[in-house]
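Visitor: Input: one structure, supplied below.
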Amino acid sequence: MTNHQASYRALTAHRLFWPVVVLVVMLAANTVYRPSFLSVQMRDGHLYGSLIDILRLSAPLILVALGMTLVIATGGIDLSVGSLCAISGAIACLHISRQPDQNSFGAVLTALALGLGVALVLGAWNGVLVAVIGIQPIIATLILMVAGRGLAQLITEGQILTINSDPYKAIGVGHLLTLPLAIFLAAAAALLIAAATRRTALGLLIESVGGNARASRLAGIRSARITLLVYVISAACAALAGFMMTANVSSADGNAAGLWVELDAILAVVIGGTSLVGGRFSLGGTILGALLIQTLTTTVYAMNISPQTSLLFKAVVVIAVCLIQAPGFRARFTRRTTPIATQAAVVEQPKEQVRA
Amino acid sequence: MTTLSPAAARTWSRLPRRHVPVLATLVLLLVLYGVGVSQYRAFSNVQVVFNVFIDNGFLLVVAVGMTFVILTGGIDLSVGSVVAMTAMVSAFLLEKGVPAAPVLLVALLIGPTLGFLMGCVIHFFDIQPFIVTLAGMFFARGMCTFISGSSIPITDGFWTRMSQERVGNPHGNFVSISVLIAFAVVAVAAYTLAYTRLGRNVYAIGGNAQSALLMGLPVGRTRIAVYTISGLCAAIGGILLSFYTLSGAPLIAVGMELDVIAAVVIGGTVLTGGSGYVFGTVLGVLVLGVIQTLITFDGSLNSWWTKIVIGGLLFAFILLQRLIGIRYK
Amino acid sequence: MTPSRPVLTMTGISKSFPGVRALDNVDFRLFPGEVHALMGENGAGKSTLIKVLTGVYGTDQGTVTLDGEQVSFTGPMQATAAGVSTVYQEVNLCTNLSVAENIFIGREPRRLGAVRWGEMRRRARALLARLDLDIDVNAQLGSYSLAVQQMVAIARAIDIKARILVLDEPTSSLDAGEVAQLFRVMRQLRDDGIAILFVTHFLDQVYGITDRITVLRNGQLVGEYATNELPQLSLVEKMIGKELQVLERLDEQSRHDVAAPAEGTPLLDVRELGRRSAVAPFSLAIHEGEVVGLAGLLGSGRTEVARLLFGADRADHGTVRVRGTPASLRTPVAAIDHGIGFCSENRRAEGIIAELSVRENIILALQAARGWLRPIPRRRQDELVQRYVQALSIRPADPDIPVGNLSGGNQQKVLLARWLVTEPRLLILDEPTRGIDVGAKTEIQRLVAQLSDGGMAVLFVSAELEEVLRLSHKIVVMRDREVAAQLTNDHSVDADRIMQSIAAGATHEGVPS
Amino acid sequence: GNSDTGGKGDDGKITLGFSQVGAESGWRTANTTSIKEAAAAAGIDLKFDDAQQKQENQIKAIRNFIQQKVDVIAFSPVVESGWDTVLKEAKDAKIPVILTDRAVDSADKSLYKTFLGSDFVKEGRLAGEWLVEQEKVATGPVNIVELQGTTGSAPANDRKKGFAEAIGANPNLKIIASQSGDFTRAGGKQVMEQFLKANPKIDVLFAHNDDMGLGALEAITAAGKVPGKDIKIITVDAVKDGMQALADGKFNFIAECSPLLGPQLMDLAQKVHNGEEVPARIETQETTFTQEQAKEALPNRKY
Ligand SMILES: Nc1ncnc2c1ncn2[C@@H]1O[C@H](COP(=O)(O)OP(=O)(O)OP(=O)(O)O)[C@@H](O)[C@H]1O
Ligand SMILES: Nc1ncnc2c1ncn2[C@@H]1O[C@H](COP(=O)(O)OP(=O)(O)OP(=O)(O)O)[C@@H](O)[C@H]1O
Ligand SMILES: [Mg+2]
Ligand SMILES: [Mg+2]
């Protein structure tokens, strides 16, 4: 086996290799369809182009999906994130809209604090239902998913609340060093979560609770606290995403903000290689998954795929991503060419190595 | 010598234990109904109960299919879209002048076929059910809008009859034919789960798929079967929905998968698989139906309070269910 | 009596996992009407060979021939259909189903396609009676202890009218009585011409029932021998590939008869602790440096006692004092705070976190006690892991592979290491030597003795009476979920005496009044 | 038994059961508010139900209204088809039905008394006609992009249809791209961003509602173009924010779709209850707004 082959093998065996391939293929397809797709220009002192759009628009999804990753790693699921986005955005916008000077920094900060605070409380509510009362996560968070939408609309009184605040708007569309500020915020959140989970023992404990809850309890892990914490983190991420979504259009729409974002977020997590059963999680994979999903959405618009067929297109891409990523699929696919003996080294370990 | 005679005192407390969640749900459902009766006079009409069945027949059928999937520890997000697609295809074909019988056949084949394919992908390629059925959901919904952007009315005689036939006293209390079909599906499903090998394998896989495999059970076949069954139930649900609305609409049953999952879980089935009953699912569907009826009867809530109250009632219900469950553990 | 033609021949079997060559060109033969022991250290490749046979794993190389016909099973379903019935090492049953179903699922008695529940229960009862096990076949399997589950798995396997019966460490948590019962059944089956493949780490069992022995070492075949021609000493030699040392140690490891330091305030003093429908209230004092053994039959409630003391189950009766001060052991966290550690008998469901690495599994309890904000520095982790990987000879010695990829015995050692790194004051070990090979077992026993000399108290639960006798200062005998007797382990106590007190019931010797 | 008189009080108050589509937009909320206020003003006992955008829920609500024996049932159908069965039940129970906002496609017109609402096709047509008028003089091609509402929804289908019909009059007018923005600002903005990148020359934007237009506005500004000048913007609805944009010169034209049906509905309900004859179809008073008209109308815009 040559050195070259070995490194190729190591590369393709990497968990995130195939999602990256799909991402690149999608970008390439866009470029073929419209060569200027990749071009990025300088306009008014910041960068402008479809790529930048993808980054900026994926920021909220990345945030929500990061929080979701931790929840899923504990073996749970959080359906309420979409409603939490709407609630926190609505609260912030409501507060700002009541200010005489909507551009005041202080007012915006208070608005953010209020929105975040409420989200944290609601996240804790989810956490208590799951960790303390022991309700199945999907149902526990479904409650807030339904009622939260109502809360958000209650806050905006069913109207779209438009605000006119430059500092707030900056969260969604502002720029820093020629790049959208939202990207930096998402990156900062990602770094923070990565540090909080990988620099401390939190990540280990989360994976342990998700991997085997009974064993974790007997090992002395206070799993209730950990579970509570991840739901709170997830809510905080959703709140930040909610600020971005509302700032992006300078208005809070209790009904539409964050609608169905939970599905996209779960999809991003799963594409990123985290199992819905819980256990090992990958933050990098999640970010990649979110970028992939946003690229898919943008592709539909950029290639002007008719709305009637866009869902079919999405279905095809999603299936392609999972198939190409699935070790089982590639094993079947490569069996004809690779001697079986070396195959085991290429194929990644599933959770339990059992052949069906 | 090994003697592990369970103390007589334990026998009584153990036997009903696995039924406690279902019994608790039943009791709470009756309490909920009682609340309705005490608050609104018209609530005590028998027809109100019948209407809950008439209005949720299709949901019940789909939930029964979902029960199979969840019992194996899987999930099927495609059901809402498959329901819509089935209705849409039926409406489309009928509009094109195809007679009712072949339309029924085609409509009943599409769902299971899609389910079968999804089951195969899940099993053979070892991909998480969530993502596969999500793609299935996109696909089926995409097919709906692809067939037609707007709703297609059904005027076919058979469909109209199925829709408007009243079983019972046509001027008093009656149910629709769909309700009878739904009950038949429930009965068949309950029998399958309790008395056939397929059904027992479903429970075994949900308990521990790896063990089931090592015990020599046909894990792959069973897994593919449950997604096929869920597809079939979604297809039947789609037909019932097309009876119910006499049309196919591209956006109908959006988000239905969540209602269905909620119904199954409220009915006491555990999402990780291995425990639950079809009867529980029936109760779960009824709980959702009664909550909605309560809100309509109230008629004073605005749109957002409606959502908040639904969430609140759901919460109260699940909390009580859970607390009763803990007490009897 | 060996017929000329083997019912099963495996030739040149190789199987690799990423980074490990689990089987390397192994040959194996099995004749009808024989009991054949497959021996080897932990991680030698026994379970892997079995799983290759039943089609759980595909082979890299080699052929499997069944009754002269080459076969290649793609899964246990096919293997079962071809007459190979298997009890795998980890109990592989569905704990959510009833006992009866676990025995019959897949081949339920049916009429017109419908499962006949009544008939199934009746047959289950009859079958369990044959194994001398009297349990409620209607109850959920999960409500029974691991040992009972193991018996149920055996019941399932022997009821499948198979040509080959494969038993991978079926006796690891059974005590003498059950083992004897099992052997009786095995002999019957053997006499009916069934070939039995039997894996165990108990040498006396090997010599008690098997006809021939195949030894594996590091995935390679060492040889095939007739049992009566291979003395114990050379068997061990062949397994570990070294000479005698271990056996010498085995011998020198005599009764742990340092006078019990049973004076002063006990480390742990429980009075009338109990839990409805689990254990009747009992009192027990454990002193520093004391090893207390728990003896009793299958289902006598030893595990329940251990779980109560650790707070894994909540007691509904009684008081607890730790070093004289009243304490509450309502949760594992509380128990750990008081310096108690607990190694569960059910390593797969309550022990290892399969996905996490060996390192992470080892430091888990220590990390949990420190809280998530104070991660154990990487260097310290390496140090600890290194130490215990060596001390317990965990193999492969790579701390970064997922623990689920280790062999059963090695997983058990990882669990033990998890608690040893926390340096508890009282360590509760429920069947700690389950599935551990002879060499490692003596290591562990020595370690326990050493730790207790260093002041640590140990509560030791084992189905192997010898082991309890060898290690304990005090022996608590359980019967029918009650503490039947507490004996000081002086020279007057031996296995017979304990069996007597189990049989006789409450003799209440030395129970604090 | 069925002897219950349900919501009908003895004081002769009319009970109106109204099933609303949901609260999916500001427009819809204004519609709900109008109906509630008008009911209170007219002394009608209103039973309000929110169907959360689901036809199934609306059918359930109507069934429950029948059980409660309300005097009149009104509802805004989520979709056009599929109402025959439940409307027949209402008819059998002798409860008159009024449709609001959207029509249904029942062949049996006796199933409901009357329809009160807007004509989505007409709104699209008005928008298109205004554009045809504007571009009369255009010599070269005029590139139009369209932001559709939620795929498969009636307003999206109808407005698209009406607009396409109207601009068919001038072959210079060409829709070069058409995508769904889901009726939301965020959707409108995101889609418009890509439109702008894919198509260097966009002359006109037609958005199926104000919200998508408002979202697109931001995208246009960010791309360095001047909305209302470089790109003409035509929308439907005329909610307050939209009118403001129109008055500010950022939009160019809005076809109104009025949500204020309340008073008319109550009036109809009373008439229908009293057995008076009512016209089979009543269209709400709707106009169109240009920038100048918007400046005038803005100060007393309610929603
Ligand atoms: N699924 C797996 N993935 C990777 N390595 C594995 C896997 N299963 C077993 N191994 C490795 O293969 C080797 C043989 O393991 P096996 O389980 O056969 O040992 P064993 O002889 O049964 O030991 P024990 O007595 O402890 O049960 C070990 O080194 C183990 O780490
Ligand atoms: N988690 C549990 N929940 C309910 N009942 C249990 C549980 N664990 C054990 N039991 C019951 O208590 C009985 C006593 O089991 P226990 O595990 O204490 O026995 P033991 O003496 O440790 O014997 P062994 O472990 O050899 O079976 C079991 O047979 C079972 O009926
Ligand atoms: Mg083994
Ligand atoms: Mg035990």
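Backbone N, Cα and C atoms are what each Cβ position is placed from, and that goes for glycine too.
Just lifted these from TrEMBL, have a look:
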{"type": "TRANSMEM", "residues": "A:16-33", "note": "transmembrane segment"}
{"type": "TRANSMEM", "residues": "A:54-73", "note": "transmembrane segment"}
{"type": "TRANSMEM", "residues": "A:104-125", "note": "transmembrane segment"}
{"type": "TRANSMEM", "residues": "A:131-152", "note": "transmembrane segment"}
{"type": "TRANSMEM", "residues": "A:173-194", "note": "transmembrane segment"}
{"type": "TRANSMEM", "residues": "A:228-247", "note": "transmembrane segment"}
{"type": "TRANSMEM", "residues": "A:259-278", "note": "transmembrane segment"}
{"type": "TRANSMEM", "residues": "A:285-305", "note": "transmembrane segment"}
{"type": "TRANSMEM", "residues": "A:311-329", "note": "transmembrane segment"}
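Please go over these features one by one and say how buried each is and what sits next to it.
Guide: Sequence-remote contacts of a segment are chain residues at least 6 beyond its ends whose Cβ falls under 8 Å from one of its Cβ atoms, and for the transmembrane segment (A:104-125) they are 80, 84, 87-89, 91-93, 95-96, 144, 148, 165, 167-168, 228, 231-236, 238-240, 242-243.
Long-range neighbours of the transmembrane segment (A:131-152) within the same chain, counting only residues 6 or more positions beyond its ends whose Cβ lies under 8 Å from a Cβ of the stretch, are 71, 75-80, 82-84, 86-87, 89-90, 122, 125, 223-225, 227-228, 231, 252, 254-255, 257, 262.
Long-range neighbours of the transmembrane segment (A:228-247) within the same chain, counting only residues 6 or more positions beyond its ends whose Cβ lies under 8 Å from a Cβ of the stretch, are 59-61, 63-64, 66-68, 70-71, 73-74, 76, 78, 80-82, 84-90, 92-93, 112, 115-116, 118-120, 122-124, 126-128, 130-132, 168-173, 182, 185, 189, 193, 202, 206, 253, 257-258, 261.
If you look at the transmembrane segment (A:259-278), the same-chain residues 6 or more away from its ends with a CB under 8 A from one of its CBs are 15-16, 19, 60-62, 64-65, 67-69, 72-82, 85-86, 145, 209-211, 241, 284-290, 292-293, 318, 321-322, 325, 351.
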Visitor: Would you kindly list the residues that approach the transmembrane segment (A:173-194) from elsewhere in its chain, counting only those six or more residues past its ends and only Cβ-Cβ distances under 8 Å?
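Guide: Distal contacts: 42, 45-47, 52, 55-56, 58-60, 62-63, 66-67, 70, 233, 237, 240, 244, 247-248, 283, 287.
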Visitor: Please report, as numbers and ranges, the same-chain residues at least 6 past the borders of the transmembrane segment (A:285-305) whose CB is under 8 Å from any CB of it.
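Guide: 15-16, 19-20, 22-23, 26-27, 29-30, 33-34, 37, 50, 53-55, 57-58, 61-62, 65-66, 68-69, 190, 264-265, 267-274, 313-314, 317, 321.
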Visitor: Sequence-remote contacts (6 or more beyond its ends) of the transmembrane segment (A:16-33), Cβ cut-off under 8 Å?
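Guide: For the transmembrane segment (A:16-33), the nonlocal Cβ contacts are 50, 271-273, 282, 284-285, 288-289, 291-292, 295-296, 299, 302-303, 317, 320-321, 324-325.
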